[in-house]
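According to Swiss-Prot, the features are:
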type: DOMAIN; residues: 8-290; note: domain 'tr-type G'
type: BINDING; residues: 17-24, 88-92, 142-145; note: GTP binding site
Amino acid sequence: MARKTPINRYRNIGIVAHVDAGKTTTTERVLFYTGLSHKIGEVHDGAATMDWMEQEQERGITITSAATTCFWAGMDKQYDQHRINIIDTPGHVDFTIEVERSLRVLDGAVVVFCGSSGVEPQSETVWRQADKYHVPRVVFVNKMDRAGADFERVVGQIRKRLGATCVPIHLNIGSEENFRGVIDLIKMKAINWNESDQGMTFTYEGIPAELQDRAEALRTELVEAAAEASDELMDKYLEGEELTEEEIKLALRQRTINNEIVLATCGSAFKNKGVQAVLDAVIEFLPAPADVPAITGVLDDKDETEATRPADDEAPFAALAFKIATDPFVGTLTFFRCYSGVVNTGDSVYNPVKAKRERFGRIVQMHAKDREELKEVRAGDIAAAIGLKDVTTGDTLCDPNHIITLERMDFPEPVISIAVEPRSQADQEKMALALGKLAAEDPSFKVNTDEESGQTIISGMGELHLDIIVDRMRREFSVECNVGKPQVAYRETIRGKVDVEGKFVRQSGGRGQFGHVWLTIEPNEEGAGYEFINNIVGGAIPKEFIPSVDKGIHEQMQNGVLAGYPVLDVKVTLFDGSYHDVDSSEMAFKIAGSMGFRKGAAEAKPVLLEPTMKVEVTTPEDWMGDVVGDLNRRRGVIEGMEDGVAGIKIVLAKVPLSEMFGYSTDLRSATQGRASYSMEFFNYSEAPNNVAKAIIDARQS
């Protein structure tokens, strides 16, 4: 079967934003204008197409990234038909993991900002994530009809707070209730969308006289930004020649794809103005799969050679599973991005991370929650497979004859835990099944059993994250459960360096056990995790026993040394030891490694680490003193203060998570409900002695 749309007319994009910037409404309009939904769904009514889980429709926030495919040929039908694969991502801080894994498989993004509140804390997080994966962006300043909307102020904030070179290609005509349309600064014409057909048609008009000067000034900035794309254009511009519309567009496209500039558009999705022009910008300025560097991975050979997979149907098949979702009708859906090659239904593929073969039973393309069956998937496509048995988020799927492992995604450690218990015996098994499925879907959600109390502990990225997990267990799996008080996920590490002996000997007639190791235990760099170095020379310990020592140390690290919390950032070097021809076994060396680590870590100045959160409080000036005083009482460190709009102040602080429980209620009562806050995980830092002592005593009592 030949390719329907050439790969240069593909756009894989995400729509990302802060929680209330109007992202889902923007996506709804995209579906409406591209002819995929005949009735516009409103978030206000709980009827939006992309928000397909019940919790999303109730809370009015998007939780899972629904993937959808649509076609667009331009507002004026000026292009060939382009295929746009869109992933709608959540904006709430507790779901940053969803955003992160979507950005990993996208080629470009539309970042939506609210015209009145501008750059908010979550926008910065999303922006940093997009920087991390080098995703080219176009900005859409939405809600231009809202009170206090100011397009140029938001552009200024993007430059200042996000450090981006932001170049407007639109200028708004009127704002707040007088918002009428936009000026296209490349064509230097006003666009007037027709209200009678919900903006499906439009007319070009002259620029209003009062905006002529401002539009010309902004156009000069835009042409200068385009001219910087190449020496030839710069020479032409400096010699006073006009750049053609075609030259400007190609230059802006090149600089956007290179992440040198970010183009800004504006409008109001709710009022059906502007989204149509954003779709044009996606086609004109965001990359096709072949315009971005080919994805890299490592081959399945001795040296783990680096290799690339270009966006080409002829290349061997390689794809990345970026999301697992449970569908009530078909079971598990594995969303994947095909980077190279072609795969057909019924084909066998290989998962190098799990070292297993999988078979593609059925392949579907999703439109929010409607499915279209596909026979094949080609380079550049985003689709979902049904019937894959053992695939988790971030796994590679590839051609069994050309094995490659694409780089995996990093997932943040959960910072908050709660105990859950089923209400009845009948719910016990159902709960285990439900938690297993939810953990497979979401890598930032972990489930484990507390060995002492036997309780099931679930951990996640924040209180809302865990609320929604408990809610989903009730609705999707009919499991009723009781929930305990939230607990903080503490960690431990060491500050000193020691050499230590670990010896496990059992010799009492018959076959005994003998394992003997010498280890150097020292701190590793922050964030570097656990590192095991084998420095055994001359066969002091046979090769086959060394992985067991590593395993024993690793298992002991999970149990901690101070208060039973997992140990982070440690480097262990195995440098000597001895063995017994008959009595040595893998088990004996595993126990010796574990004993050595427990003894050594206890001597290497162990300390307790607590999660610190980056907190941003937005408050009217009158309550500023109260807010700062309260954060100080919570062991917070005030990092800075900024001015918001209309007498609003923004306080930036780092505060230990343990001090932030119940903060929203306290903040509301202290400021008569007028202040709001957001927080996200920042890092693990050493807990003060008095705090550490209280936690250790509580764990040991």
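From the backbone N, Cα and C atoms, a Cβ is placed for every residue, glycine too.
In the three-state DSSP scheme, A17 (GTP binding site) is classed as strand.
Per-residue confidence over the domain 'tr-type G' (8-290) averages out at a pLDDT of 81.
In the three-state DSSP assignment, the secondary structure recorded for M144 (GTP binding site) is coil.
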